[in-house]
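Asks: Following this message is one structure expressed as structure tokens.
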Number of protein chains: 2
Amino acid sequence: MVDGEFALIEQLQSKLGGGGGGGGGGGGKGVLLGIGDDAAWLDPAGQSLVTSMDTLVAGRHFFVDVDPADLGWKALAVNLSDLAAMGAQPRWCLLSLALPVRAEGYSQWLQAFVEGWRALAESADVALVGGDTVATDGPLTLSVTVLGVAEQGVMRRDAAHPGDLIWVTGTLGDAAAALDLAFMVRSMPGYDFACSAAQSETLEARRLRPDPRLDFGRAALAAGVACAMDCSDGFLADLSHIVKASGLRARVNLEHLPLSPALRDCIDQDLARLQRWPLTGGDDYELIFCAPPSLTPSLINIAHSCALPITAVGQMLPADPQATESVDIYWQEQLLALPDIRGHQHVF
Amino acid sequence: MVDGEFALIEQLQSKLGGGGGGGGGGGGKGVLLGIGDDAAWLDPAGQSLVTSMDTLVAGRHFFVDVDPADLGWKALAVNLSDLAAMGAQPRWCLLSLALPVRAEGYSQWLQAFVEGWRALAESADVALVGGDTVATDGPLTLSVTVLGVAEQGVMRRDAAHPGDLIWVTGTLGDAAAALDLAFMVRSMPGYDFACSAAQSETLEARRLRPDPRLDFGRAALAAGVACAMDCSDGFLADLSHIVKASGLRARVNLEHLPLSPALRDCIDQDLARLQRWPLTGGDDYELIFCAPPSLTPSLINIAHSCALPITAVGQMLPADPQATESVDIYWQEQLLALPDIRGHQHVF
């Protein structure tokens with residue numbers, strides 16, 4: 001434990017623990033015994049379990065000077081996005097913080113972190129039930145494990161079929177463009193482009209506080225969607241995972257990728273920027289999902305009720321042993337040479 | 001992801017995934033969908049869930065030159081020990097590895113790590129179902145989340161009663177003495193003492209490959225034991241957690257703490273060493289549990305069937321507002337002044 005932080009950690013527990021902590025037992029949300037024992041004891045109420053774990057390292061997954069409130073939000077959000085892609089209902093999470101020793105301690109830092117985390121945890125109805133806090137001689141490192149429940153199966157990567165339409169929620173590329181802006185602001189080498197202050201703010205908000213598509217994911221599963229994945233490593237890389245797992249090919253129309261007004265202005269019909277941000281940029285935390293055309297009316301209704309636009313961007317095709325690429329990208333009726341697929345650091 | 005390690009990570013998944021990975025579904029051990037999707041999908045078969053997370057940092061929780069096979073074993077063992085203390089049955093785990101970039105890569109390292117991990121995972125019947133692998137500019141950092149199931153409640157820290165006997169499994173202090181030896185071997189400042197090569201080997205094995213007391217924990221819970229905790233931060237610190245959570249006091253006889261023959265020789269009736277290793281040293285991963293004397297015959301039978309010695313070391317007492325200490329340690333009928341309680345880095 002980082003010295004001198006016990007009192008604050010107890011605050012963190014009481015603020016994020018969802019009521020089941022300490023010796024009280026009971027508590028809401030299926031927490032039979034929360035933080036404070038060797039392990040948490042939880043009640044999935046007969047449902048199956050969905051779980052995922054993501055790790056974020058300062059200097060690699062976020063800037064060292066990040067606002068801890070934004071970091072708290074995002075550390076939880078990237079994990080919840082995995083549950084959204086499965087169509088699961090989030091319930092609990094565990095948080096491991098490896099904190100570099102520093103003279104000023106972490107009191108203020110943790111208060112802000114908790115504030116950002118809690119803002120999302122409350123809306124997603126997820127309770128912190130355990131974790132670990134250690135000191136490190138390296139960069140600040142967070143691992144989050146999220147646990148959800150599923151009543152009726154899950155959406156998976158390997159369940160796409162030929163003829164399925166390929167959909168994405170929301171808009172793509174905002175966070176990747178914001179990352180380029182953030183490099184520029186910090187005078188770090190990167191991709192230079194012009195952007196108004198208002199546009200920059202819009203894009204930056206998308207990078208810092210992604211909104212996991214939990215309601216949409218659950219509703220899509222309930223409506224019969226079998227195949228989904230969250231878009232975190234870049235649309236092309238993630239669609240390629242679906243294509244490979246399902247043993248298919250895909251055709252995508254680059255001009256159909258949904259863009260926010262801010263990003264549309266910044267791209268200004270520049271093909272290189274289209275490829276850099278919405279096609280291969282990461283950190284979108286939107287859902288890519290595949291569904292037969294017969295589901296389209298239901299999906300449009302769901303999108304409307306979630307106030308979340310969805311866009312059909314292409315179609316799944318049967319495998320073709322002659323094809324050199326598993327995903328064909330078309331731009332103005334022309335087949336594009338594929339850019340490198342550069343993703344983030346995820347493996348599992 | 002650390003460059004160039006995809007093939008090996010896939011091996012790691014196939015070796016540790018317990019059969020449910022890839023697109024196949026099915027698989028044993030309740031793994032409906034393992035590594036390879038956004039999240040794992042698991043079936044607790046109507047049982048409640050027990051979960052814990054621990055993080056280990058190179059240079060703080062293990063030596064940088066650790067044999068990766070020993071690290072694989074220990075990273076899993078320290079987490080399973082938490083489940084043992086609850087009386088839960090381990091089922092699944094997630095592993096996050098933050099690996100410093102290095103020229104020689106991690107092929108050999110990961111093969112050894114997998115070997116050590118698997119040796120314990122197979123005997124504990126626990127499948128790897130997810131996780132993350134990232135690069136770091138800092139020390140190698142591992143986070144493990146373990147998931148188990150409980151049919152009939154759990155043992156907890158706050159359930160001791162006045163009159164309960166205080167028991168410990170196995171022996172205490174071996175790992176702490178081995179840590180002192182390890183500092184000596186590395187010419188690092190520490191506590192100097194004499195020890196034969198054979199004794200050193202015995203103690204070191206206990207430090208490197210702790211044996212989580214899973215069978216005993218489950219059997220003790222089934223026999224009616226309500227209160228247990230794993231002894232990882234040092235016996236005195238961990239017993240103090242039980243005492244505080246249960247709102248009691250405790251009396252412990254220092255000469256009753258169970259010692260291995262190797263450690264007994266090294267201690268040679270030196271009171272300072274008794275306090276340093278079995279009383280306050282960490283990393284034992286034994287169980288401390290409290291039970292009414294009426295359970296003693298059952299507990300002795302369980303210990304016999306698990307081939308694991310257990311030792312009564314003291315008794316729980318009613319709270320006393322006049323008492324200055326919550327745990328009284330006696331040595332040859334004399335009340336000792338308490339040493340500092342120095343524990344490890346755990347918080348939750």
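Each Cβ is built from the backbone N, Cα and C atoms, and glycine gets one as well.
Copying in the features that TrEMBL gives for the protein in this structure:
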- A:ASP54, A:ASP82: Mg(2+) 2 binding site (BINDING)
- A:ASP54, A:ASP132: Mg(2+) 1 binding site (BINDING)
- A:HIS61, A:ASP283: substrate binding site (BINDING)
- A:ASP233: Mg(2+) 5 binding site (BINDING)
- A:36-150: domain 'PurM-like N-terminal' (DOMAIN)
- A:162-317: domain 'PurM-like C-terminal' (DOMAIN)
Asks: Closest of the binding-site residues to A:ASP283 (substrate binding site), Cα to Cα, picking from A:ASP82, A:ASP132, A:ASP233?
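Replies: Closest recorded candidate to A:ASP283 (substrate binding site) by Cα: A:ASP233.
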Asks: Give me the count of other Cβ atoms within 10 A of the Cβ belonging to A:ASP54 (Mg(2+) 2 binding site).
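Replies: Result for A:ASP54 (Mg(2+) 2 binding site): 29 neighbouring Cβ atoms inside 10 Å.
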Asks: List which of the binding-site residues A:ASP82, A:ASP233, A:ASP283 have a Cβ under 8 Å from any Cβ of chain B, in sequence order, or say none.
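Replies: Correct list, in sequence order: A:ASP82.
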Asks: With DSSP, how much of the domain 'PurM-like N-terminal' (A:36-150) is helix, how much strand and how much coil, in residues?
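Replies: DSSP classes over the domain 'PurM-like N-terminal' (A:36-150) add up to 37 helix, 48 strand, 30 coil.
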Asks: Quiz question: given the binding-site residues A:ASP82, A:ASP132, A:ASP233, A:ASP283, which has the greatest number of C-beta atoms lying within 10 angstroms of its own C-beta?
Replies: A:ASP82
Asks: For the domain 'PurM-like C-terminal' (A:162-317), report the average pLDDT of the model, please.
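Replies: Per the prediction, mean pLDDT sits at 96 for the domain 'PurM-like C-terminal' (A:162-317).
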Asks: Looking at the binding-site residues A:HIS61, A:ASP132, A:ASP233, whose Cα is closest in space to that of A:ASP82 (Mg(2+) 2 binding site)?
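Replies: Closest by Cα distance to A:ASP82 (Mg(2+) 2 binding site) among the binding-site residues A:HIS61, A:ASP132, A:ASP233: A:ASP233.
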